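A short write-up of the structure that comes next.
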Amino acid sequence: MSPNTPLVLVILDGWGCGDRVEGNAIAQADTPNWNRYRSVWPRTVLKCSGEDVGLPPGQMGNSEVGHLNLGAGRIVYQDLTRITRAVRDGSFFENAVLRTSIEASRRNGHALHLMGLLSDGGVHSHISHLFALLELAGRLDQRSVYVHAFLDGRDVPPANALEYVEALEDKLKTLGYGAVASVIGRYYAMDRDRRWERTARAYRAMVYGEGLRASSARQAVEKGYERGETDEFIQPTVIVRDGRPVAQVRDGDALVFFNFRPDRARQITRSFTDAEFGGFERGPAPAFPDFVCLTQYDRTIVAPVAFGPQELTNTLGNVLSRHGLRQLRLAETEKYAHVTFFFNGGVEQRDPGEDRLLIPSPKVPTYDLKPEMSAREVTDAFLANIEKYDIIIMNYANPDMVGHTGDLSAAIKAVETVDECLGRVVEAVLARGGTVLVSGDHGNAEHMCDAEGCPLTAHTCNPVPLLIIGEAVAGRSLRPGSLQDVAPTILDLLGLPKPPEMTGTSLLS
């Protein structure tokens, strides 16, 4: 391949394969380009959940996991799997970083705070990891333990928080220590798009006790529902006892963030760890607790990490760079980390010959208000740069991000926008004799309501499609596979040898 005959990988985020038409934004959308490509060019389906991508059996995939496996060309055992195994085999309770922090807080008379997403969605966190931390605190005789519960509503049903709150309260009652100190929708606590005003509200609730008030976590959720908020959007609420906050994060306290996925953990982490911080005004007495990251959120975050990163070598980006190929990574803000950091195996540093282009996502509260997102701008940027690169890896965020809103009509519009943009990409590549691979990373937009018609905002375990478009594959057939097989297929198309670390195999028959 050369810039005159480029190879392009287009990742359709959240575009899964579903049999039902009801609640299926992809099936209901008008997609003339997609339909034509499927009828003409080689296609197959790829497994993208559970053990096929390094997750526990039956666990739905997600964008982070999908891009890791796509770029690595092998099954990458995910942090969820690693940490859950550590809990089961007991090594979690011997983790030196966790023990050091908890023991120091007890020894110095300070509290232990545990913050993170209260959910079993398995995308950003798992409630079982929180329970393990609570048990570890007891083993180390730390009884001043406070939970700051971020509510999900995206990776699990949108109004399911009471189930998790009840499970947490039952656990605390069984243990005989600990309390919930705040309840905050992930919209505020886990923003990743530099909407610092959201992060600020979460921070001030935890540090200053500012925000709405409730006498219990259950009441905080119920009051949110009364205001018409689903779990994700429940406003930061401080739990009070006798009119005073149950607990606030103070200097010298220990604060363990039990989310394992980095992208939505970084902003709130930096508000606690960065000495020089410009995201928002932290107030007259910012807290600098003994902060622990469950996994590495960013190499530049100065805080100990309980479960360090896996080192992945010979990823697709490494191989392309070593063979002197110029590559572009292109996405809008919401998925930029996925085509860069995650696709490169959890490494921020770019390879020689790798350029990156970030297109800002629109500034709207939720993407059902603008289902087109920045797809057309991403496409314009692609067309402006197609002559410069041998390989372009790009992402369309719409099916996933709009799918998460649960608004079927908006998701249909999102899918139609992507189909329009995909047509422009394919036309430009074919005009230059190149090849386009179109792949999903996980399901979402193909299953947006349950049998009763209630909205579903979470990912699915459905497989995703893979199409290969170009004269180089005319008349060829593709075998079924999984996401790990995409990178070896790209190397096969380029005539490059597959490194031994890649356990996936080419899908070309």
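Every residue, even glycine, has its Cβ placed from backbone N, Cα and C.
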For the Mn(2+) 2 site that Swiss-Prot gives as Asp13, Asp441, His442, the extra residue out of Ser63, Ser477, Ser482, Ser506 is Ser63
Listed by Swiss-Prot with Asp400, His404 as binding Mn(2+) 1, from among His447, His459, is His459
Report, in whole Å, the straight Cα-to-Cα distance of Asp400 (Mn(2+) 1 binding site) from Asp441 (Mn(2+) 2 binding site). 10
Length of the line joining the Cα atoms of His124 (substrate binding site) and His459 (Mn(2+) 1 binding site), in Å: 13
Cβ atoms near Arg264 (substrate binding site) (within 10 Å, other residues, all chains): 22
A 10 Å Cα radius around His404 (Mn(2+) 1 binding site) captures, of the binding-site residues Asp13, Ser63, Asp155, Arg264, exactly Asp155
Please determine which of the binding-site residues listed here (His124, His459) has the lowest count of neighbouring CB atoms within 10 Å. His124
